[in-house]
């Protein structure tokens, strides 16, 4: 009998450990991934009332959920090791800081945890059906589809799309963070995320050559660094092991997070291709002068009205990032008119220095440019720092040749203009000669009103 009571007491202790005061995302072991897991969806609610302590909610128990407020669902993807997403709590905190909302973390780790990707992929529609059942109960209590926002990561992006399809695209918004590519590439719209799944669909593609989806899936599709090989991520498996496989894929989440923290605002440029963007062909955003370019992340829907004027209401947008947070690059245009008798072909490096002595350098990442007499060449330059009062500019001209004569580039006029701050005065230099591979510093002046 004593053994029996001891056994019951131990069971009670185990039960009390399981029923946490603050429920957390399901944490599983790699063993669970090897043997596979049955689907079990838990909904963890965070609000400003309980932003550090989640509530388990379901179709009958709503906790602190207020149906009159915006409700954001965060849906994760494939979990091959069973661990919680490393970015999850940062995303929860950042979202609740920018807006008073209901934040629901969709925990389907039991189901997503498996070493066999197809098993997790096959459960995505089941997760979507469960979410629809919950949203139906929200609607019955007075919620509006306009106020439903879904953020889906990898497989979670397609789950969000499946939910949206069941409401005929009437959800307020879906954000896809590097939607999964394997098993979804080439699928018809009914089998993946699609622009018609919500009133507004924005997508960040950060790993299109491996785990992500390459083609556009939203009303606006952002391609940081062309959608491949993100700066700061390891280039080989020997540098960082498993991080090599997932770093590019996860970068979509960290870029989205940066838009919430407001350390800087990442501006993107609608363009047909990354190549055209890098060559400076897409800086007016396809809008009348003075209209803002789209912003990456949480505030991307500010561009919804501009997109509605397009037919179809879709666009691709490109931008470059720095290697680490805050990720912003500051864009300038460098307009150059030369007067060499002979054609020159090469690239330009530019360095800026402000009045305090701070410097920032940009290799103007373009294909070799042809400089012809009296023809203007416009180059897009990107810098890690934004220097307000530029006191000195340095230029280096290079043809890329290792041997042979050093050529000169004779500049009739160089003009520097900020894309991020068009109100700043444009800076010029007239009658300048660059010797190949030699840094040439000079003090710019405010451009004259009459230009060639």
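Note: Cβ is positioned from N, Cα and C throughout, glycine not excepted.
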Candidate set 66, 358, annotation N-linked glycosylation site, source Swiss-Prot, matching residue: 66
Listed as N-linked glycosylation site by Swiss-Prot, one of 50, 340: 50
Neighbour tally for residue 154 (active site, nucleophile), based on other Cβ positions within 10 Å of its Cβ: 31
Other CB atoms within 10 A, centred on residue 50 (N-linked glycosylation site): 14
Of 233, 249, 285, 447, i.e. the recorded positions, those within 10 Å of residue 154 (active site, nucleophile) when Cα atoms are compared: 249
Which listed residue (66, 122, 263) has most other Cβ within 10 Å, given these are glycosylation sites: 66
All-chain count of other Cβ atoms within 10 Å of residue 285 (disulfide bond): 21
